[in-house]
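To start, the structure under review is shown below, and the notes come after it.
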Amino acid sequence: MMKISVIGGGSWGTALANHLAIKGYAPVKVLVINEKYLKEINEKHTNENYLPGVKLNKNVIATMNYEEIIEADLIILSVPSHEMRNVIKTLKKYLGEKKPILVSTTKGIEEGTHMRMSQVIISELGEEWVERLAVLSGPTHAEEVSRQLPSSCVVAAKKKELAELVQDIFMSPTLRVYINPDIIGVELGGALKNIIALAAGIADGLGYGDNTKAALITRGLTEIARLGVAMGAKMMTFAGLSGLGDLVVTCASMHSRNRRFGILIGQGKTLEEATKEVKQVAEGVRTCRAVYEMTRDMDLELPIITQCYKVLFEGKDPEIGVSELMTRGAKHEIEEVARDDFEW
Ligand SMILES: NC(=O)c1ccc[n+]([C@@H]2O[C@H](COP(=O)([O-])OP(=O)(O)OC[C@H]3O[C@@H](n4cnc5c(N)ncnc54)[C@H](O)[C@@H]3O)[C@@H](O)[C@H]2O)c1
Ligand SMILES: O=P(O)(O)OC[C@H](O)CO
């Protein structure tokens, strides 16, 4: 059986390690950066800060040692996007000649470079790693996967054989895994939905209703697809698990850190206050800034993302932001590129 390890002992890394340990992989080593979590996972088999109330499989073993992590045939990356480059730089030092499969589960875009996570990884490790790298994304809150509630996700990789191998490793009666060759679309779906989840949370915080939420989800998906296609993704990927699927779960669930962050902003809290209160990583905040900067000079209409940026980073009153979204010029619902069957 393959040896598996995980870098990032937060909610998602721990939930995935537990999932694979339940499937029979043993041990699944998880890199943590704090003695407290090391002791708690190895002695009590819990990670209360990140997965309250969840009893972990005894084969989930925490370590603070990269030497143990690189012994694996497959390494899962579950760190915040702003830490990915540092993590890969460190990993590279330990890898030497080893070439494990890497599975990125991080949903974000790097600020400054505007790279997707797989691009960050390849830029540090080199092009020869493209065929060793897969991306896993989809509507999978750690709180539910760790309780084995039926969930589904998607794996993208350059080579079909690698996507199928990773599919087989993660697939279980409670986690159904699909494959998709569109790495760009799968990564962007997971990263961009976080911005729309912030916007949905802001609308909730303002006291708006389900109609508002549905409008944000639907028109948010249009923006995700518009930007995604401009960046080389395939349109249909956004109708899948890493697009619509993850967007729905994140905008609707109180598990979502991004949605909870947005609610606090809608209630009038500052960026700093919301960051302190949510504690764990709300990826949409950095991703919103990265996307705003990346697209500022592009001829792309991204009204929800733009208003979200202005509310988060320019102190704009969110009610004014919503009002400006509502009072833009009248529009056709369907994108120009797909309008052939929709003209009068
Ligand atoms: N939580 C979920 O339900 C979920 C589901 C799917 C994908 N994701 C994605 O997975 C990524 C991680 O999310 P999370 O929910 O686990 O976040 P989290 O805040 O719960 O945990 C992040 C973990 O990364 C660790 N970490 C930070 N810097 C590190 C470093 N340099 N080296 C090693 N570890 C480091 C932290 O100590 C923490 O344990 C995010 O991109 C998120 O979008 C999360
Ligand atoms: O808690 P969030 O908002 O980071 O969402 C977690 C996952 O991306 C849901 O699939």
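Glycine residues also receive a Cβ, built from the backbone N, Cα and C atoms like all the rest.
Remember, it's a predicted structure, so these values are computed and weren't measured experimentally.
According to TrEMBL, the active site, proton acceptor annotation covers Lys193. Residues annotated as NAD(+) binding site in TrEMBL: Gly8, Gly9, Gly10, Ser11, Trp12, Gly13, Ala142, Arg257. The annotation NADPH binding site is assigned in TrEMBL to Ser11, Trp12, Tyr50, Lys107, Ala142, Arg257, Val281, Glu283. Taken from TrEMBL, the feature sn-glycerol 3-phosphate binding site covers Lys107, Gly138, Thr140, Lys193, Asp246, Ser256, Arg257, Asn258. Taken from TrEMBL, the feature substrate binding site covers Lys107, Arg257, Asn258. The domain 'Glycerol-3-phosphate dehydrogenase NAD-dependent N-terminal' annotation in TrEMBL covers 3-162. The domain 'Glycerol-3-phosphate dehydrogenase NAD-dependent C-terminal' annotation in TrEMBL covers 182-319.
Positions of the features from TrEMBL, shown on the structure.
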{"residue": "Gly8", "record": "NAD(+) binding site", "DSSP class": "coil"}
{"residue": "Gly13", "record": "NAD(+) binding site", "DSSP class": "helix"}
{"residue": "Tyr50", "record": "NADPH binding site", "DSSP class": "coil"}
{"residue": "Thr140", "record": "sn-glycerol 3-phosphate binding site", "DSSP class": "coil"}
{"residue": "Lys193", "record": "active site, proton acceptor", "DSSP class": "helix"}
{"residue": "Asp246", "record": "sn-glycerol 3-phosphate binding site", "DSSP class": "helix"}
{"residue": "Ser256", "record": "sn-glycerol 3-phosphate binding site", "DSSP class": "coil"}
{"residue": "Glu283", "record": "NADPH binding site", "DSSP class": "helix"}
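You'll find the Cα of Ser11 (NAD(+) binding site) roughly 5 Å from the Cα of Tyr50 (NADPH binding site). All protein chains considered, the CB of Tyr50 (NADPH binding site) has 20 other CB atoms within 10 Å.
By the rule that a residue counts when its Cβ sits under 6 Å from some atom of ligand 1, the binding-site residues Thr140, Asp246, Arg257, Val281 yield Thr140, Val281.
Lys107 (NADPH binding site) and Gly138 (sn-glycerol 3-phosphate binding site) have their C-alpha atoms 10 Å apart, to the nearest angstrom. Listed in sequence order, the residues of the same chain lying 6 or more apart from Thr140 (sn-glycerol 3-phosphate binding site) and placing their CB within less than 8 Å of its CB are Trp12, Ser151, Ser152, Cys153, Leu175, Val249. When the Cα positions of Ser11, Trp12, Tyr50, Lys107, Ala142, Arg257, Val281, Glu283 are compared pair by pair, the longest gap among these NADPH-binding residues is 17 Å. Cα distances from Gly13 (NAD(+) binding site) to the binding-site residues Tyr50, Gly138, Asp246, Ser256 are smallest for Tyr50. Cα of Gly9 (NAD(+) binding site) to Cα of Ser256 (sn-glycerol 3-phosphate binding site): a distance of 18 Å. For ligand 2, the nearby binding-site residues are Thr140, Asp246; that is, of Gly8, Gly9, Thr140, Asp246, Val281, these have a C-beta under 6 Å from one of its atoms. Annotation for the recorded positions Lys107, Lys193, Arg257: lowest Cβ count within 10 Å of the residue's own Cβ, Arg257.
Helix, strand and coil content of the domain 'Glycerol-3-phosphate dehydrogenase NAD-dependent C-terminal' (182-319), in residues and according to DSSP, is 105 helix, 0 strand, 33 coil.
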